[in-house]
Every structure is written in C-alpha cells, then in structure tokens.
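Asker: Pulled these from Swiss-Prot:
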DOMAIN    25-197  domain 'FAD-binding PCMH-type'
ACT_SITE  Arg173  active site
ACT_SITE  Ser249  active site, proton donor
ACT_SITE  Glu345  active site
Amino acid sequence: MPMPPDESALSLLPDHPLAAHNTFGIDARARYAARITHPAQFEALHRDARVATLPHLVLGGGSNVVFTRDFDGLVLLDEIAGRRVVRDDDDAWYVEAGGGENWHAFVGWTLEHGMAGLENLALIPGTVGAAPIQNIGAYGLEMNAYFDSLVAVELATGRSERFDAARCAFGYRDSFFKRDGRGRFAIVSVTFRLPKRWTPRLGYADVTRELEARGISPDAATPRDVFDAVVAIRRAKLPDPRELGNAGSFFKNPVIDRAQFDALHARAPGIVSYPQPDGRVKLAAGWLIDRCGWKGRALGAAAVHDRQALVLVNRGGATGADVLALARAIQHDVRTQFGVELEPEPVCL
C-alpha cells in the first residue's frame, strides 16, 4: 500500500527569483524559497536543519514589500487556500479563509454568497493572510471592523496560536504583526464576522459620486453596487501591477493633532483632511505629494504615478534602491513644505 503524502514535506527552491512574487516587479533573489500549501509545512520548519537557522520571510501577494537587496534566507510563499462559513448565529456569519487566498477574490466570494460588509475593500492587492498584518483599509472601512480572529504559526517553534482582535493590537495600517510579531509568525487563516444586517459605508464622496454616475441613489445602493463602484474607482485611479509595477498606496495618510492642523490650514486653506473621532485630523498624503510637485515625476526608473500621487511605480527595471530614493526625496519635500512626516506602508527589506 502506498504511503500517504507527507503534508509537512518542504521542497526548497534554491536561488529563487522574486520578481514574480512582488507587485513592484523588483528583481531580487532569495537563497531559498518554498511553496506552502498546508499549515503543517509552517509547523515543521523549525525541525528542518536546512533552513531552521535562516531568516524567514512570508510572502503572500507581495503587495506590501520593497526588496532593496537579495534576501539571504528562506522566502515562504503562502499558498494556503480555502474558504468556508465556520458558523452563524442570529446576528452574523463567521467566515474563514486561508492565508494564501487572493483578497479581492475572497471579498467577491462573500458577496456571491450573500454575506456583505467587506465591499469597500474590493480590489486591494494581496492575500487574506496579509490583510491583518497591514490592517488594510479604504473608503471609510478598515479590515479590523469585521475581524474575528486568526490562526498563526510561530515559526521558531512550530506552535499554532489563535489571535483575537485585542491581541492583534490593530492600528491605522498597523498591527502586532508589523511590530513585535514581525518575522515571527505566519498567518494560516483568518476568520471574519460579517453582520447579517448590512450597514453601508458611504462616507467618501468618491463612492457616492460613482454610484450617482451609474444612476444609483446612494440610499438605494446594494452591497454589489458599492463593490462595483469601488472597483471602478480603483481601476480608474490605480495602475494594474501586472502592467505597471506598484504596491498601491505607498504612504500612509498622516494623522496630526488639531493644533498642528489649524496652523497648517491657515497656510494651505485647500488642504484635504478628514476629522477623526479622537479629535485629531487625517491628511490626504496624495494631496501633500501633489502640492510638492511630484505627481508624474521620476527618479531613474521609479516614478510617481501621473494620476495618483500616492502611488509609486516601476517604469521598467527599477531597483528597490531606486524606489527607496524616490520615497525619501518625497518625504524630504513634504517635511520641508508642510512639516509633516510621511510613513511608508510597504516594508522595505
């Protein structure tokens, strides 16, 4: 009788090219790479003498990373799949997805099955497993609003752990996994709580304008209407990484205190801003970058997109160092002109 396959077996790919595994399309290489299709492979890493002592990097869609050099370690390509309704109650569905699932496809799947809530996050690049790390957000919604829990493997021990929202310590484009947990865990699956009573989030004018342009009253919009509107907006504003390498929004929208904002507003009355519940004010980073004259400009093969100043692009052949140099030049000009610090969203390695 043939032996069943070993789900923990790890097939190593030496000197593996990474251009196809990051949305910037930056040409870098990993000492080793391995495709992970089952949680047991994460759990067995610490027992594999070939790679146990190497640095590890988990990659999903590669939409939140900029390689400035080759990676002298093991890149784990998270391809763990699966989507299912774990349970439901009177108020909500609890939906689990594998860490390697494509995020946009997962959002579409929830709507196809009558479970709304995530539609404002349509077309964000990357995987389900990357979504909590970054606490992705768009058009008035952040992922943690519908987050229930996740399962992650501690790579050094192979131990699986469940994290609730409090333990994930979500912040604006931030979480425990970007700080203290960075590089220590691989996210195997994420569970979302999607309410059975849908509450549309239409606070962004771009979304309501797109709905109205489609002949849809915002008051009558369905979850699918919002999904389609968000997809149309993002496609109009953001380049397709398959055609022009990019990582989506490169900088976080900075949040400043009210006193700083009042002083800034006096100097720049047209500044685009969004009041926050805690009294602080979020600024539109794209507006700041545009006002510094960077939209459409380039440094070498790295450039600022000509339609969306928040997006840096690879015009062809850009290195990670090129992208980083462009980002630093933009940060310098925004700091000089507005006294505001811009923080990159992607991790630069």
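The backbone N, Cα and C atoms fix where each Cβ goes, glycine too.
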Asker: Within 10 angstroms of the C-beta of Arg173 (active site), what count of other C-beta atoms is obtained when all protein chains are considered?
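Answerer: So the Cβ neighbour count for Arg173 (active site) comes to 20.
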Asker: Quick check: in three-state DSSP terms, what is Arg173 (active site)?
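Answerer: DSSP call for Arg173 (active site): coil, neither helix nor strand.
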Asker: Rounded to an integer, what is the Cα-Cα distance in Å between Arg173 (active site) and Glu345 (active site)?
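Answerer: Pair distance, Cα basis, whole Å: 7 Å.
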Asker: Based on DSSP, name the secondary structure state of Glu345 (active site): helix, strand or coil.
Answerer: coil
Asker: For the domain 'FAD-binding PCMH-type' (25-197), what is the mean per-residue pLDDT, to the nearest integer?
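Answerer: Here the predicted model's pLDDT, averaged over the domain 'FAD-binding PCMH-type' (25-197), is 93.
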Asker: For Glu345 (active site), list the number of other Cβ atoms lying within 10 Å of its Cβ atom.
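Answerer: Result for Glu345 (active site): 21 other Cβ atoms within 10 Å.
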Asker: Sequence gap of 6 or more, Cβ distance under 8 Å: name the residues on the same chain that satisfy this around Ser249 (active site, proton donor), in order along the sequence.
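Answerer: Looking at Cβ-Cβ distances below 8 Å from Ser249 (active site, proton donor), excluding near sequence neighbours, one finds Ala285, Gly286, Leu310, Val311, Glu345.
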